[in-house]
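Below you will find the structure I want to go over with you.
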């Protein structure tokens, strides 16, 4: 892709998200979401592969449907209340429509079916943008609307997303689909606490972005997209192969990695809100996700591909990729747990 075109598209991605962040008017927020969608579409289709074109088409149709629902719901809300303000969505029907549309945009269950298929058709870098940056603008709107939303609806969305995210990833062999189901499960953790403690949703979203970025950049460095190719990674890059299981366990939420922090804080808050049953269900669904992360760890570190060359110094590929972003993401993904009190103090 032409670097000037790429720069314009990336600038538009930033512009769309910033516009949604800073707007208090529904039309401006909707425009920001649309700019976001239109900017990422050429990035998704740049490979000219039938699977990439199919993924782009699916993504565009889903995002257009969600945007139309948001526009319809916000217009109805303005008709009923006389205001376009994002914080003033007092009508329960329009509120539910907006939450449903935003759930469709970010891939919350039961509107999640498009996400694994779309992510499977993209390369790893575009998949990284889709899994991280594209979640920010819809989440900014969900956070503003959540206070007027029925907490039962948010709880149902959260539990179903963690269940689907854990259950769907169990039988997958493609790493991008596994990361898509991982994304659905993490979104469920964020949405379930959003009505009670929005700062915990922010902490969970930030840690999710760092951990997912580390996972995608690691897979790009190892040049692998399937589980069975993970078992050959040790001969190409032994250090990265040793670090990969730690990143996966952090995504699974095991201490002492960073991924444990948001889960711990969310379960603590749910217990404070006298919701012990919800907290128990969330912990049990986290075990489902943990199983497929452990499966990936086992494949990476404890299996050897049958066709491996049995030489003392295996041939290794020299990479020209800048490893600084990957290094930063890995450090953040593995080492932030001791800073939990500081992070809580900064966000409250």
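In case you wondered, yes, glycine gets a Cβ from its N, Cα and C as well.
Taken from TrEMBL, the feature domain 'NADH:quinone oxidoreductase/Mrp antiporter transmembrane' covers 23-288. The domain 'NADH dehydrogenase subunit 2 C-terminal' feature in TrEMBL is assigned to 290-344. The transmembrane segment feature in TrEMBL is assigned to 57-80, 92-115, 152-171, 178-197, 203-222, 234-254, 274-294, 323-346.
Are these features on the surface or tucked inside, and what touches them?
Long-range contacts of the transmembrane segment (57-80) within its own chain (CB-CB distance under 8 A, at least 6 residues past either end) are made by residues 26-27, 29-30, 33-34, 37, 40-41, 44, 88-89, 91, 93-94, 97-98, 100-102, 104-105, 114, 117-118, 130.
Listed as Cβ neighbours of the transmembrane segment (92-115) (distance under 8 Å, sequence separation of 6 or more from its ends, same chain) are residues 33, 58-59, 62-63, 65-67, 69-70, 72-74, 76-77, 80, 134-135, 138-139, 141-142, 145-146, 148-150, 153-154, 157, 160-161, 163-165, 168, 180, 183-184, 187-188, 191.
Using a Cβ-Cβ cut-off under 8 Å and counting only residues 6 or more beyond its ends in the same chain, the transmembrane segment (152-171) has close neighbours at 96, 99, 103, 108-110, 112, 116, 146, 177-178, 181-195, 278, 281-282, 285-289, 291-292.
Residues 103, 106-109, 112, 115-116, 118-120, 127, 131, 135, 139, 142-143, 146-147, 149, 151, 154-155, 157-166, 168-169, 172, 204-205, 208, 212, 215-216, 251, 262-263, 266, 269-270, 273, 278, 282, 285-286, 289, 292-293, 296 of the same chain sit 6 or more residues outside the transmembrane segment (178-197) yet have a Cβ under 8 Å from a Cβ within it.
Within its own chain, the transmembrane segment (203-222) is flanked in space by residues 124-125, 127-128, 131-132, 135-136, 139, 175, 179, 182-183, 186, 189-190, 193, 230, 233, 236-237, 240-241, 243-244, 247-248, 250-251, 258-259, 261-262, 265-266, 319, 321, 323, 325-326, 329-330, 332-333, 336, 343-344, 347, which lie at least six positions past its ends and keep a Cβ under 8 Å from the stretch.
Under 8 Å from some Cβ of the transmembrane segment (274-294) lie the Cβ atoms of residues 155, 158-159, 162-163, 165-167, 169-170, 172, 178, 181-182, 185, 188-189, 192, 248-249, 251-254, 263, 266-267, all in the same chain and six or more residues away from its ends.
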